[in-house]
Amino acid sequence: MLDPKFLRNELAVTAERLATRGFILDVAHLTQLEEKRKSLQVATEELQAARNAISKSIGQAKARGEDVDAIMAQVGDLGSQLDAKKLELAAVLEEVNAIAMSMPNLPDESAPIGADETQNVEVRRWGTPRSFDFPIKDHIDLGEGLNGLDFKSAVKITGSRFIVMKGQIARLNRALGQFMLDLHTTEHGYTEAYVPLLVNEASLLGTGQLPKFGEDLFHTKPATEEGQGLSLIPTAEVPLTNLVRDSIVDEDELPIKLTAHTACFRSEAGSYGKDTRGLIRQHQFDKVELVQLVKPEDSMAALETLTNHAETVLQRLGLPYRTVVLCTGDMGFGSSKTYDIEVWLPGQNTYREISSCSNMKDFQARRMQARYRVKADNKPALLHTLNGSGLAVGRTLVAILENYQNADGSVTIPEALRSYMGGLTQIG
């Protein structure tokens with residue numbers, strides 16, 4: 001959520017910056033609402049003051065033995081007018097809040113301006129795609145050939161965009177998650193968390209999935225015994241970031257760095273026909289998430305660090321990748337700046353996203369009222385929040401199967417994972 005004061009005082013600037021994201025802000029309507037809000041605020045305060053003044057005169061009139069019926073009627077009339085104005089004001093504030101909640105974050109000045117993914121800017125590459133001297137297979141053919149990926153059973157059990165993994169490929173998938181967690185907790189300073197896979201509406205509002213992206217989520221029915229509907233998490237960013245919702249942490253506790261390995265669930269609304277085969281776009285997938293909560297002045301440097309943490313996973317696994325900075329028109333709703341890390345997939349002969357690392361600045365913190373106490377003046381200030389995949393486990397599995405495949409259909413285990421695989425060097 002954007003800063004309401006900045007929005008009021010810099011409406012034209014806000015509209016101009018949001019336009020680079022493809023979001024058209026109705027400046028005239030917001031200006032009209034703001035004028036109405038001010039007018040109603042003044043009217044409410046004047047009616048309140050008038051009612052208070054007349055109410056005081058009732059006691060004085062009674063002391064003089066005067067009839068107070070007329071004054072009482074006047075107080076009642078002012079009270080009715082006041083209640084009506086308060087309702088009008090509340091309606092205006094509710095509309096302004098609804099508009100504010102629908103606005104994406106302002107892009108950072110360092111984010112390249114562009115309309116869509118074709119205008120993202122590559123910032124670096126690591127590794128060289130392998131040259132094969134045999135006809136390569138994609139991860140689907142490899143996984144099915146090794147009896148490790150069972151798409152047919154998943155369709156029978158649930159439906160499309162799900163997977164059943166078996167044997168050593170299931171073990172490899174588990175090993176990847178453990179390897180990522182160990183790397184981030186032992187070398188990168190993150191604290192591991194086990195979090196709920198179901199979250200409430202307030203949590204989704206806090207991180208920005210609601211109210212705009214409810215169709216992308218899976219929602220539970222019936223409600224819990226508390227009468228509350230819940231939703232499956234689309235990413236562990238939601239529960240991890242909401243750990244500081246409605247709280248004030250000490251400045252000395254910062255930065256807070258959290259990680260979790262969870263299943264994630266997405267309806268993939270609007271993705272009909274995209275990546276219908278394989279593991280690239282599933283309704284249920286595993287991901288190791290990285291979240292940082294930092295002071296505002298540290299957040300841009302933290303974005304670089306967090307992105308490097310995600311890249312380190314690919315480097316340790318020997319997987320070629322490139323990192324791109326997203327243009328304004330391709331960034332996620334709550335992001336002010338985002339790096340996408342794209343891994344090389346020989347089966348598709350292209351780079352595909354495997355991690356998205358974003359600085360949300362105070363956009364989520366304002367929604368969540370997540371603050372820290374500044375030592376200099378002992379006053380609370382909004383945190384900056386960052387998140388990124390470190391990494392998407394299923395897509396990393398895809399990359400290993402395709403990049404480490406052999407001519408006979410077997411797959412070599414990357415050295416970094418062999419201790420997690422009981423010393424196994426090859427599948428198949």
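Each Cβ is built from the backbone N, Cα and C atoms, and glycine gets one as well.
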Further binder of L-serine named by Swiss-Prot next to Thr235, Ala236, Glu237, Glu289, taken from the candidates Ser153, Ser160, Ser356, Ser389: Ser389
Cβ-based isolation winner (fewest other Cβ atoms within 10 Å) among the binding-site residues Thr235, Ser267, Ser355, Ser389: Ser267
Using Cα positions only, nearest of the binding-site residues to Ser389 (L-serine binding site) (Arg266, Glu268, Glu353, Ser356): Ser356
DSSP three-state assignment for Glu268 (ATP binding site): coil
Residues that sit under 8 angstroms from Ile354 (ATP binding site) by C-beta distance, when 6+ apart in the chain: Leu314, Tyr321, Ile341, Glu342, Val343, Ser389, Leu391, Ala392, Arg395, Thr396, Ala399
Collapsed DSSP category at Glu289 (L-serine binding site): strand
Rounded to the nearest Å - Cα separation of Glu237 (L-serine binding site) and Ser267 (ATP binding site): 17
Spatially closest candidate among Thr235, Ala236, Glu289, the listed binding-site residues, to Glu268 (ATP binding site) (Cα to Cα): Thr235
